[in-house]
Every structure is written in C-alpha cells, then in structure tokens.
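**Q** Take a look at this one; I'll ask things after.
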Amino acid sequence: MSTRRLRSEDYNDYSSTEATPDGSPPEAINSFASPSSYQRFGESNGTTWFQTLIHLVKGNIGTGLLGLPLAVKNAGIVLGPLSLLVMGIAAVHCMGILVKCAHHFCNKYQRPFVDYGDAVMYGLEATPSAWLRTHAIWGRYIVGFFLILTQLGFCCVYFVFLADNLKQVISAANGTTNDCHSNKTTVLTPTMDSRLFILSLLPFLVLLVYIQNLKFLSIFSMVANLAMLSSLLMINWYIITGIPDPSNLPLVAGWKTYPLFFGTAIFAFEGIGVVLPLENKMKNPRHFSVILYVGMAIVTFLYISLGTLGYLRFGASIQASITLNLPDCWLYQSVKLLYSIGIFFTYALQFYVPAEIIVPGAVSQVPERWALWVNLLLRTCLVCVTCLLAILIPRLDIVISLVGSVSSSALALIIPPLLEITTYYSEGIHPVTIAKDVLISVLGFAGFVVGTYESLWALATPPISNTTHALVQ
C-alpha cells in the first residue's frame with residue numbers, strides 16, 4: 001500500500017492531508033456524500049474525536065461567553081435568553097450547512113478537503129448566472145477577508161480582556177482578603193495604564209503563536225479548558241447563591257440596545273472559522289458531524305445559562321465581562337486569573353486560521369532557506385497588529401459587539417445559507433429550503449447593518465464611566 005500526499009497546487013489548504021491508500025474500496029464520506037464514488041480519509045496521525053471536541057468547545061468558549069450577561073441586559077431578561085436560543089440554533093444550523101456543502105464539493109471534484117473559501121467559490125461556479133461564475137474567485141477572497149477579520153478581531157478582544165483582568169487583580173491586591181461576602185468597595189491602588197498591560201503581554205503571545213502544530217496545541221486547549229471550566233464553576237456558584245429579586249428587571253429592553261445584543265451574541269457563537277480546519281485534521285473525519293452537534297449543544301447551554309443567571313445576579317451593574325463584577329477576595333481573584341490563563345492559550349487556536357491563510361502564500365514566494373524566518377516574521381507582525389488595535393480601542397464591550405456585527409454575522413449567518421442555495425440550485429432545491437435560507441441571510445444582514453451602526457456610534461460616544469475598568473461590588 002503506497003502513501004501519497006493529496007494536495008492540489010491551486011488549493012489553499014490549511015494543512016496537508018496524508019495517508020490515502022491507493023485502491024481502497026469506495027464508501028460514503030458520511031450521510032452527505034454519494035456512497036459509490038468518494039472516500040473521505042483523514043490524517044493517520046490526526047486528532048481523535050475527543051481532541052477535536054476539545055478544540056471545538058475551546059474555539060467557541062472565550063471572552064464572548066463572559067460578555068453574554070451584558071448582552072442579555074441589552075435585550076431583556078425574557079427576550080435575551082430566547083434570542084440566544086434562536087441565534088444558537090441558527091448558527092449551528094449554518095455550521096452544518098457549511099460542512100454539508102464542503103462534503104458535496106469534495107465528492108463532486110474528488111478533493112481530500114475543501115475549505116470555507118473554496119466551498120463558496122465552487123458554489124458560485126455552480127450557479128446559472130454567467131457573471132457569478134466568471135467572478136467566482138471573489139467568493140474565496142471575501143471569505144478569506146472575513147475569516148482574517150473575525151479571527152484577528154477575536155485576538156484583539158483577548159488582548160483587552162487579559163489586560164483588564166490583570167489590571168484589576170493587581171490594582172485591588174492590597175485590599176484583597178479572604179472574605180468573599182463583604183460588600184465593602186475596594187480602594188484601588190494606582191497602577192499602570194491598561195494599554196501598558198496590553199503591551200506587556202505582546203512577547204508572550206508572540207512566542208505562543210510560534211507553535212504551529214494543531215495536535216500539539218490540543219495540549220494547551222486541554223489546559224485552557226480545565227482552567228476555564230474551574231473558573232466557570234466558581235462563577236456560577238457565586239451567581240446562584242446570591243440572586244436577588246428579579247422583578248425590577250425589564251422583560252424586554254429598549255430597541256436601541258438590541259443591536260448591541262446581536263453583535264455580542266453572534267461574536268460568542270462565531271466558531272464557524274475553525275469548523276472545517278478541525279474536520280480536516282481529524283483521524284476519522286466521518287465522525288465530525290456528531291461531534292459538531294454535541295459540542296455546540298454544550299456551548300449553547302453554557303451561553304444561555306451564564307448569560308441569564310449573570311444578569312439576574314448583577315442586574316444593571318453588570319459589566320463588559322462578568323469577571324469584573326466578582327468580589328475582591330483571593331478565591332475570586334484566582335477565578336479571574338484562571339480564566340485569563342484559558343484565554344491566553346485560546347489566542348493560539350484563534351490565531352491559527354488567519355495565519356494559515358496569510359503565511360503559506362507569502363512563504364511560497366521566498367527561497368526555502370528563508371521560509372522559516374519569513375513564517376516567524378509574519379506571525380510576529382500579525383500579533384503586533386492585534387496588539388496595536390487593542391491599544392487603540394480598549395473598550396471590551398464595544399469591540400466585542402463591533403467584531404460580531406461586522407464579520408461574525410457575515411460568516412455565521414449570511415454566507416452559509418446563500419452557499420446552500422447556490423450549491424444545490426441547479427440540482428434541485430425545495431422552495432421551503434430556499435425561503436428558510438433567504439430568511440436567515442436577511443436577518444443576518446439586518447443585524448450586520450444595525451449592529452455595526454450602533455457599535456460605531458457607541459464607540460464614538462465617550463462613556464459616562466469606564467465600565468470595563470471599574471469595580472462594582
């Protein structure tokens with residue numbers, strides 16, 4: 001049995017796909033593919049189903065989760081959780097659409113793997129419109145642009161989150177006690193500006209992104225998951241043991257704040273950028289569909305529960321990250337540090353996608369002896385860009401909403417339904433499916449326009465108080 005590398009020269013793969021035996025008997029990729037013409041093989045040394053589940057959960061749980069109580073405040077105690085459930089179902093459905101369409105084109109073109117950009121390009125090539133077929137390559141470019149924008153936006157948010165929490169822990173250190181039930185407001189010790197905290201994180205994150213092996217990164221994902229799980233358990237314990245009377249909370253918030261809810265919520269649900277790369281790295285990718293729905297069911301439950309309970313606990317005083325509402329005792333200061341450790345390691349996973357879009361093309365243009373140095377230089381420059389943007393816009397809640405509205409809504413809600421229409425239109429697609437896809441895309445586009453406008457307006461308006469840095473006891 002020979003082993004050959006399956007790669008096309010015009011295919012911008014995220015990584016190589018190995019170990020495809022010649023002469024293997026054909027069988028189905030999964031339920032989406034034809035059972036007679038194509039076999040979906042994974043890497044012989046790829047990730048297991050458990051490692052993939054870890055990456056999937058880790059890729060969706062980050063700072064967006066901690067911002068959901070504020071998102072629920074912007075929607076209302078009833079409308080917020082219901083909207084989170086609907087948005088979660090829509091986002092997961094769109095992830096499934098993307099996987100289905102990618103498998104369809106793998107089967108159609110006998111490709112080992114099709115990424116998000118290629119799927120959109122092939123979808124445009126399948127349309128009856130001659131103009132769209134001629135300009136199909138722009139589908140790949142648009143997806144690549146939004147992927148880079150989204151994932152690097154995540155990385156900017158991580159810089160701000162880490163700096164905010166580290167600054168709060170350090171500035172409150174002198175007043176930190178073992179009493180977690182005191183309502184006394186801590187007098188903060190003057191410390192350096194949050195932008196200096198952002199800058200101090202730069203060399204450590206640069207070193208972290210030099211790790212390029214996704215399987216090796218699963219070790220860091222496991223550490224991050226354990227750290228974040230421990231902190232989430234303690235956050236939830238603190239929340240449920242002190243929920244006040246919720247009768248004064250609005251059932252439905254004002255219409256002007258709902259677009260900010262949309263941006264924050266879709267930011268939290270935006271894990272679509274890592275879906276196909278994770279499947280491509282699996283040892284047995286045929287199990288991915290089950291992993292996708294199980295993993296996202298866990299994620300959706302965590303989102304709704306923490307978002308709702310967090311707003312019930314802190315009410316109008318909820319901040320951009322719920323960790324900033326925790327009391328100044330050593331137990332809950334450790335919670336902030338634990339979650340920060342998890343976010344620190346998550347940076348590498350979110351950085352993986354834009355790096356694998358940008359770096360290979362640049363490295364291919366230089367002599368082989370310079371390839372490693374160009375690779376490391378580009379990674380360093382990309383981290384520096386996210387650091388600079390975080391310094392320029394250090395308002396965590398607005399950055400989250402803006403990134404979610406601009407790029408996450410396009411990737412998670414607008415493009416996948418349109419891709420399903422273009423992929424299957426010439427082969428026959430039910431009118432109900434078309435109506436469903438159009439509805440999801442229109443709602444996503446409405447959120448994109450209104451959410452972006454409200455985020456930019458909030459960013460241009462000076463805040464009454466620095467909510468991302470203040471302590472509320």
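Cβ atoms are placed via backbone N, Cα and C, with glycine included.
According to TrEMBL:
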- 1-10: compositional bias 'Basic and acidic residues' (COMPBIAS)
- 46-455: domain 'Amino acid transporter transmembrane' (DOMAIN)
- 1-29: region 'Disordered' (REGION)
- 75-99: transmembrane segment (TRANSMEM)
- 141-161: transmembrane segment (TRANSMEM)
- 194-211: transmembrane segment (TRANSMEM)
- 218-240: transmembrane segment (TRANSMEM)
- 260-278: transmembrane segment (TRANSMEM)
- 290-310: transmembrane segment (TRANSMEM)
- 330-349: transmembrane segment (TRANSMEM)
- 370-392: transmembrane segment (TRANSMEM)
- 398-419: transmembrane segment (TRANSMEM)
- 439-460: transmembrane segment (TRANSMEM)
**Q** Taking a Cβ cut-off under 8 Å, which residues six or more beyond the ends of the transmembrane segment (194-211) line up next to it in the same chain?
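**A** Cβ under 8 Å, 6 or more out: 159-160, 162-164, 166-167, 217, 220, 344-345, 347-348, 351, 355, 376, 379-380, 382-384, 387, 390-391, 394, 469.
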**Q** Quick one: find which recorded stretch in 141-161, 260-278, 330-349 has the most Cβ pairs under 8 Å with the transmembrane segment (290-310).
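**A** Comparing 141-161, 260-278, 330-349 against the transmembrane segment (290-310), the winner is 260-278.
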**Q** So which residues does the transmembrane segment (75-99) touch in its own chain, when a touch means Cβ under 8 Å and the partner is 6 or more beyond its ends?
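**A** Cβ under 8 Å, 6 or more out: 32, 68, 116, 119, 246, 249-253, 257-258, 261-262, 265-266, 269-272, 275-276, 279, 288-289, 292-293, 296-297, 299-300, 303-304, 307-308, 311-312, 412-413, 416-417, 419-420, 440, 443.
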